[in-house]
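What TrEMBL says about this one:
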type	residues	note
TRANSMEM	113-132	transmembrane segment
TRANSMEM	200-222	transmembrane segment
TRANSMEM	228-248	transmembrane segment
TRANSMEM	346-367	transmembrane segment
TRANSMEM	387-407	transmembrane segment
TRANSMEM	433-452	transmembrane segment
TRANSMEM	472-491	transmembrane segment
TRANSMEM	512-535	transmembrane segment
TRANSMEM	555-574	transmembrane segment
Amino acid sequence: MGSIEEEARPLIEEGLILQEAKLYAEDGSVDFNGNPPLKEKTGNWKACPFILGNECCERLAYYGIAGNLITYLTTKLHQGNVSAATNVTTWQGTCYLTPLIGAVLADAYWGRYWTIACFSGIYFIGMSALTLSASVPALKPAECIGGFCPSATPAQYAMFFGGLYLIALGTGGIKPCVSSFGADQFDDTDSRERVRKASFFNWFYFSINIGALVSSSLLVWIQENRGWGLGFGIPTVFMGLAIASFFFGTPLYRFQKPGGSPITRISQVIVASFRKSSVKLPEDATLLYETQDKNSAIAGSRKIEHTDDCKYLDKAAVISEEESKSGDYSNSWRLCTVTQVEELKILIRMFPIWASGIIFSAVYAQMSTMFVQQGRAMNCKIGSFQLPPAALGTFDTASVIIWVPLYDRFIVPLARRFTGVDKGFTEIQRMGIGLFVSVLCMAAAAIVEIIRLHMANDLGLVESGAPVPISVLWQIPQYFILGAAEVFYFIGQLEFFYDQSPDAMRSLCSALALLTNALGNYLSSLILTLVTYFTTRNGQEGWISDNLNSGHLDYFFWLLAGLSLVNMAVYFFSAARYKQKKAS
């Protein structure tokens with residue numbers, strides 16, 4: 001009997017140890033004190049309300065500036081349509097370029113939590129400067145006197161654009177980290193938490209659009225009817241609330257340790273493979289160098305299985321005779337692990353999928369630029385109420401708010417029956433649907449513009465440039481369709497770059513996803529510049545003039561629809577050849 005108890009004791013102890021281990025997250029995360037996080041007390045949906053609240057308030061602040069910025073530039077700084085649209089898209093592009101700075105700091109040194117915290121302070125300072133520039137008489141641009149509109153002084157320009165670009169820098173530390181930080185609250189080694197994480201991305205985007213809904217409706221009305229000082233001041237207050245919400249949830253968060261500079265690791269693979277360019281690859285891939293430990297040599301990363309593509313890079317993981325004899329494998333500029341090599345391969349495989357977001361973002365940029373200008377050339381009165389054209393962005397956010405629950409609760413279960421995928425669609429399928437819907441959006445905008453121009457011609461309003469008596473509500477379909485495209489593409493993109501990225505590069509890959517927004521805005525500016533140049537030669541009015549009644553904005557929308565169609569075809573070709581990441 002005693003011997004049976006002795007034999008059973010190790011099994012019992014092993015069971016107790018296993019049971020105890022399941023009490024903690026096993027994905028390498030830690031709590032605020034640096035200890036393994038208890039699942040019952042940290043992470044999961046318990047921590048998410050503070051992160052979602054932060055994102056909601058921060059996005060309300062951002063869209064409170066971005067949504068109606070073109071109106072401020074044209075009516076207060078007295079800029080022309082093309083100049084104002086270029087300034088808006090350049091600034092928005094910068095807002096999605098600076099995340100590369102925040103991502104490198106987060107992945108390499110500070111971690112996501114402290115990166116968000118530090119850059120939130122910069123963001124708040126920028127918001128405060130912008131509010132002062134629209135409130136303090138000496139810093140406010142002079143009003144028009146009759147037909148004369150004096151230019152803003154250099155000091156006024158410096159205060160306004162200084163605050164604007166501080167916001168761009170601040171958002172650079174928040175945007176690449178906050179969605180990844182939210183997803184970090186779910187343990188990848190727990191199948192139940194993985195399913196919840198997929199749902200998190202939907203509700204994360206939902207919270208973004210709740211903030212955007214308030215901005216594009218209430219704040220736009222306040223800016224145009226109660227003053228820009230108050231209209232910028234309210235988002236500043238909400239940015240303060242965003243910071244408070246984020247810090248309040250600190251005891252509940254799970255934290256992933258920074259894994260060192262991703263740029264350094266990528267450079268090491270390139271240098272090591274170049275140094276060993278003459279080395280012959282072994283036929284057996286298991287002979288390539290990898291640590292024997294359970295964990296990867298890269299902090300906060302699982303091991304990644306070897307793949308057969310980009311074989312030249314595998315030379316960085318070949319153990320030379322000299323290294324084999326000395327047993328010294330510590331110089332990563334000469335010898336890299338398979339996981340480190342696969343990190344670079346993953347980035348290369350992602351590139352064609354990533355590039356598809358540039359054209360999509362150029363389409364999305366029209367919502368805050370040419371859609372607004374199109375609306376200003378239409379009848380904006382609803383009864384006795386004057387509707388600001390930028391407020392039509394409300395229908396885009398309303399569309400997202402409608403589509404997210406529909407997608408999460410109805411489309412996913414229905415699609416699951418046909419695709420066999422737990423999420424309903426894979427991230428790649430979801431993004432492809434979004435690209436198709438974006439083509440429909442630009443086609444809808446072009447059709448509305450054709451109708452508007454015909455009416456302007458019939459009523460003799462071409463020369464005067466007066467708003468055409470066609471209701472601005474005709475724009476609702478293009479905004480609603482764009483919202484549907486966002487739900488499929490942008491959320492799919494968020495999830496794709498989190499799941500498919502190397503574990504220790506998640507902030508960087510999120511920043512690369514955001515970079516498509518920057519490049520899309522810059523592309524929109526470039527297209528506007530080229531279209532203006534080529535269509536105004538020989539004294540012609542051009543497609544996009546200050547008097548839209550004598551232009552052809554519909555041609556511009558059709559051009560974007562055509563580019564979107566080509567982009568979709570290239571995407572489907574690339575997506576069919578994409579290889580999924582396989583981590584241990």
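Note that Cβ sites are derived from N, Cα and C of the backbone, with glycine treated the same way.
What TrEMBL says about a protein is an automatic prediction, not a curated fact.
Contact between the transmembrane segment (113-132) and the transmembrane segment (346-367) is absent: fewer than three CB pairs lie under 8 Å, with pairs separated by 6 or more positions in sequence. Contact between the transmembrane segment (200-222) and the transmembrane segment (555-574) does not hold: fewer than three of their C-beta pairs are under 8 Å, each pair 6 or more apart in sequence. Remote same-chain residues near the transmembrane segment (228-248) are listed as 50-51, 53-58, 60-62, 64-65, 68, 72, 76, 116-117, 120-121, 123-124, 127-128, 130-131, 134-135, 211, 215, 219-220, 222 (criterion: CB distance under 8 Å, separation of at least six residues from the stretch ends).
Within the chain carrying the transmembrane segment (555-574), a Cβ under 8 angstroms from the stretch's Cβ atoms is held by residues 352-353, 355-356, 358-360, 362-363, 366, 370, 431-432, 435-436, 438-439, 442-443, 445-446, 449, 527, 531, 543-544, all 6 or more beyond its ends. Of the ranges 346-367, 387-407, 512-535, the one with the most Cβ pairs under 8 Å to the transmembrane segment (433-452) is 346-367. Under 8 Å from some Cβ of the transmembrane segment (346-367) lie the Cβ atoms of residues 89, 92, 96, 266, 304, 309-310, 393, 396, 428, 431, 434-435, 438, 441-442, 445, 479, 482, 485-486, 489, 493, 496-497, 500-502, 505, 509, 512-513, 516-521, 523-524, 527, 557, 560, 563-564, 567-568, 570-571, 574-575, 578-579, 581, all in the same chain and six or more residues away from its ends.
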